[in-house]
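Here's the structure, in structure tokens; my notes come after.
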Amino acid sequence: MAKQYDVLFRLLLIGDSGVGKTCLLCRFTDNEFHSSHISTIGVDFKMKTIDVDGIKVRIQIWDTAGQERYQTITKQYYRRAQGIFLVYDISSERSYQHIMKWVSDVDEYAPEGVQKILIGNKADEEQKRQVGREQGQQLAKEYGMDFYETSACTNLNIKESFTRLTELVLQAHRKELDGLRTRASNELALAELEEDEGKPEGPANSSKTCWC
């Protein structure tokens with residue numbers, strides 16, 4: 001039976017409550033959009049497998065609550081993330097200003113070298129815009145991040161942004177990936193991961209790897 005994926009890692013969505021993190025996640029994983037807003041309680045996640053340069057990448061995407069009362073819980077997930085989306089709402093100057101606080105949290109709690117992308121979400125709400133595209137680009141430049149304006153409503157830059165962060169994580173781990181390729185000959189890697197889905201651990205010869 002063909003293996004389901006070659007490598008697995010975690011991505012994290014962080015940002016203020018109401019910026020559309022859950023909508024981004026649902027659009028990317030399920031191609032669904034729900035206009036009604038229900039705040040995430042604590043942490044939720046979804047899975048998706050994509051192909052990047054011939055590598056089957058299994059992504060575990062964590063959606064964190066933005067409310068202050070959940071911060072102690074959500075910060076625990078920073079430590080095991082390989083990639084992080086910092087999300088603000090283009091119609092909320094406040095959420096944009098708070099990105100500095102979220103960056104500070106990443107610097108404190110996430111592993112060194114974690115890959116980051118800045119997202120200006122709800123780009124479909126142009127008539128409500130409070131944050132210019134140039135502001136987002138400038139902030140991303142200051143922090144050394146790629147930048148995308150997205151819309152879960154219209155599906156703008158959803159696949160592109162998730163694929164880009166996946167590429168950045170793969171590039172950051174290219175040395176490990178090449179080493180695993182060498183040791184495993186024609187197979188990509190050898191490692192096991194319980195995917196937080198309640199699945200039992202697989203046999204020792206499964207050809208998968210995880211940077212978690």
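Any Cβ shown, glycine's included, is placed from N, Cα and C.
Going by Swiss-Prot, these are the annotated features:
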type	residues	note
BINDING	T22, T40, D63	Mg(2+) binding site
LIPID	C210	S-geranylgeranyl cysteine
LIPID	C212	S-geranylgeranyl cysteine
MOD_RES	C212	cysteine methyl ester
REGION	192-212	region 'Disordered'
MOTIF	31-45	motif 'Switch 1'
MOTIF	63-80	motif 'Switch 2'
Three-class DSSP assignment, D63 (Mg(2+) binding site), comes back as strand
Taking all protein chains shown into account, the Cβ-based neighbour count within 10 Å for D63 (Mg(2+) binding site) is 23
Cβ neighbour count (10 Å, all chains) around T22 (Mg(2+) binding site) is 21
Can you tell me the three-state DSSP label for T22 (Mg(2+) binding site)?
-> helix
